[in-house]
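Accompanying notes for the structure given below.
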Amino acid sequence: MITVQKEKLRKEILNIRNNMKKSEVEGLSEKIISRLVNMDIFKESKNVMIYLSFKNEVDTYKLLSHCKRLKKNVIVPFTVKEKKEIIPTLLKDQEKELVKSYYGYMEPSKEYLRPVNKEDIDIVIVPGVVFDERCCRIGFGGGYYDRFFSDVKDKVIKVGIAYEFQIVERVPVEEFDVPLDYVITEKRIIRKVSG
């Protein structure tokens with residue numbers, strides 16, 4: 001039942017997101033990234049893991065530029081499809097090192113894999129399709145990030161970035177779903193409430 005509810009929400013929100021104009025994506029992404037880079041959790045971080053956006057997701061390439069300027073270490077996900085796992089890898093040269101993945105987004109080519117210990121990551125910028133006010137999320141259904149976070153210590157700050165229309169009152173959750181610490185939209189910052 002929960003899987004059906006998640007799929008319905010996923011389809012509704014993806015339909016809206018897929019129909020956004022390029023100018024909307026650019027304008028809203030600018031606001032969201034600006035909000036993020038002005039937060040202390042970002043300013044104080046050294047090792048930042050960032051998903052590489054595609055298909056009208058909040059444009060994380062703008063964030064890569066900020067990180068480069070601020071001399072932060074940029075870590076990006078490399079997906080191992082067969083195991084449904086993420087290998088965090090240090091990105092040094094995005095022009096040279098990135099190739100299109102099986103899923104269509106950019107990721108490091110195998111020759112440039114530089115695995116990073118999860119424990120060394122300060123903040124992870126997490127993709128998602130639907131989020132709620134408890135910082136729960138629905139991704140694309142593969143469970144990659146839930147598995148990634150299942151064994152990582154609590155000091156790693158998990159941040160979702162999304163457009164305001166991606167926020168719903170309540171996302172259906174299952175026991176393996178890992179909530180985020182923050183969700184940032186163009187209008188607000190949502191913090192996970194403890195307890």
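A Cβ is built for glycine as well, from the same backbone N, Cα and C atoms used for every other residue.
Where the annotation comes from TrEMBL, it is an automatic prediction and has not been curated.
Under the heading ATP binding site, TrEMBL lists Lys6, Glu7, Lys8, Leu9, Arg10, Arg137, Ile138, Gly139, Phe140, Gly141, Gly142, Gly143, Tyr144, Tyr145. Here TrEMBL flags Leu52, Glu57 as substrate binding site.
Here the features listed in TrEMBL are placed on the structure.
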residue	record	Cβ contacts under 8 Å, 6 or more apart
Lys6	ATP binding site	Val130, Ile138, Gly141, Val171, Pro172
Lys8	ATP binding site	none
Arg10	ATP binding site	Val129, Val130, Ile138, Phe140, Gly141
Leu52	substrate binding site	Thr60, Tyr61, Val76, Pro77, Leu98, Tyr105, Met106, Glu107
Glu57	substrate binding site	Arg17, Tyr51, Pro127
Gly142	ATP binding site	Lys84
Tyr144	ATP binding site	Pro77, Thr79, Lys84, Glu85, Ile86
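A count of other CB atoms within 10 A of each Cβ picks out Ile138 as the most crowded of the binding-site residues Ile138, Phe140. Counted over all residue pairs in Lys6, Glu7, Lys8, Leu9, Arg10, Arg137, Ile138, Gly139, Phe140, Gly141, Gly142, Gly143, Tyr144, Tyr145, the record's binders of ATP, the longest Cα to Cα distance measures 20 angstrom.
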